[in-house]
C-alpha cells in the first residue's frame, strides 16, 4: 500500500501517507461525529442530568446542565424525536464506517506499521510531551512517521473511545439489555452507561479540538492535503531557520 | 499534481462552511427526514434478530426505586375516567375487540383471575432517566388467547382514557405493539405496582408493561385493546400518540 516518494525540488519530498480507505473513512467519520455530537446534545437536553448506577436518583445527579444552547444541538430547536432519528441514522453509518476502517488498518498492517509505538519511543514519551508543549513539531525524516504521542492518542481514540461510544450506546437500549444481559452490569448500570456515553463523547470532542488545533499549528494545508490526496510533504534537510511553514505550494 | 491548487483549496474551505451551516437546514428537510427514518427498520430488525425472545433484565427488591417518576398524564381529567375512579374502578371493564373471534369486556376481578406474572424491571424513559419498579399483571398473551385473535391480526392497539392536554375532547393517548411483542413473556397488563394496587399516577386501573422498549410504549389508563391488521386509520396513522409526533414506533433503542 505504500508508494515511493515523489521529489518536489532540492529539499522537499512528498511521501505517501494516507491510502484512500483511510481518507474516505476519516471524512465520513467527521460527518458522523458532528451529527452524533449535536443530536446527542439534543437528546441530553430532554433530561440534562447525569447519574451513576442503575437508576436515576433524581436528587443526586452528579452533574446537571441548566440550558444547552440551540446552536450546539441539531435540530437547533427542541425536538427530541428528530434528534433521536438523526442520532441513530448516523450511529449506523458510524458503526459501518468504523468497522471498515478497523478491518482495513488491521489487515493492511497499517496499525502495526504506523501506530504501534516501539519500546524506544515509549521510553521517550517525556521528551515528546515537552516538544508538544513547546509546539515544536518534528521535521524532516522525523515527520515521516507519527510521533509517540500521536501514536498513543490515535490508539486511545480508535481502540478505546470510539468503540466505547458504541458499547455505552447499546447499553442504553432496552432491547439490547435483553439481548446482551452481561453488558449493563459491566458498565455499572443503565445510568452509568449514559454517563459513560457522555464522558466518552466529551473525550472525543476534546480530541477533535486538539487535533484540529495541531493540524493548524503544524501546517494546515500540508495536513489537509495529505488527508485529501494522500501525499504529505516533508523537508529532506531541515534547516534551522525561522521559517517553519510547509504550506507553500512546492509545485 | 499531488498538491491542492489554490482554487481547489478555496473550494474545500467553502464546502466546509456550507456543510456546517447546511446541517440545520438538512435536518428540517422533509425528504431527508424520510431517509433518516429508515434507520428505525434497520435497528428493529437487527435488535430483534439478536434478542429473539430473551427476557429484559430483572432486579431484586432492594433495587426498587423510591421515587419512580410518573410521566405524561398523572391524573386523567376525562369524565368517564373520573366516574370510574370515584367508585374505585369497580365498574371498570377492559374492552378487547377488533380482529378477535370473541370480543371481551373484562372486569378487574376477571383480569386478576388470568395467568399473571410478577417482575422487577427497569423503566427507561425516552428522556433519559431510569426507574425500577415491581409489577404484577395479567399476561397479555392470556387476554389475547381468551379473545382468540383472528389470523389477520398483526398489531394490538391500546386506547387510553387520558389526553395529554387534559381536555375532554383532546387527542387520547394510544400506542401499539405487534403480535410478537404482545406475546413476549414479560408483556403484562399491570394492576399492581410495588405490591400495591396500581396508583393513579402510574396508570390505574391497568397499564401496559413492555419491558424491552421505552416508557412511552407502556400505555397507562388503558380503556380498550383493539386487534388490527394495520393502524394506518387510527390517529395520524403512525401507531401511537408519540409515534404520530415523530417518535419511533419501534422504541427498543
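Cβ coordinates come from backbone N, Cα and C, glycine included.
TrEMBL labels come from automatic prediction, so no person has curated them.
Which of A:64-85, A:86-107 counts as transmembrane segment depends on TrEMBL, and there it is A:86-107. Per TrEMBL, the listed range annotated as transmembrane segment is A:24-44 (candidates: A:3-23, A:24-44). Ranges compared are A:152-176, A:227-251, and TrEMBL records transmembrane segment for A:152-176. With a cut-off of 8 Å on Cβ pairs spaced 6 or more residues apart, the transmembrane segment (A:196-217) and the transmembrane segment (A:86-107) reach fewer than 3 such pairs and are scored as not touching. If you take every residue in the domain 'Cytochrome b561 bacterial/Ni-hydrogenase' (A:17-230) and average the pLDDT, you get 96.
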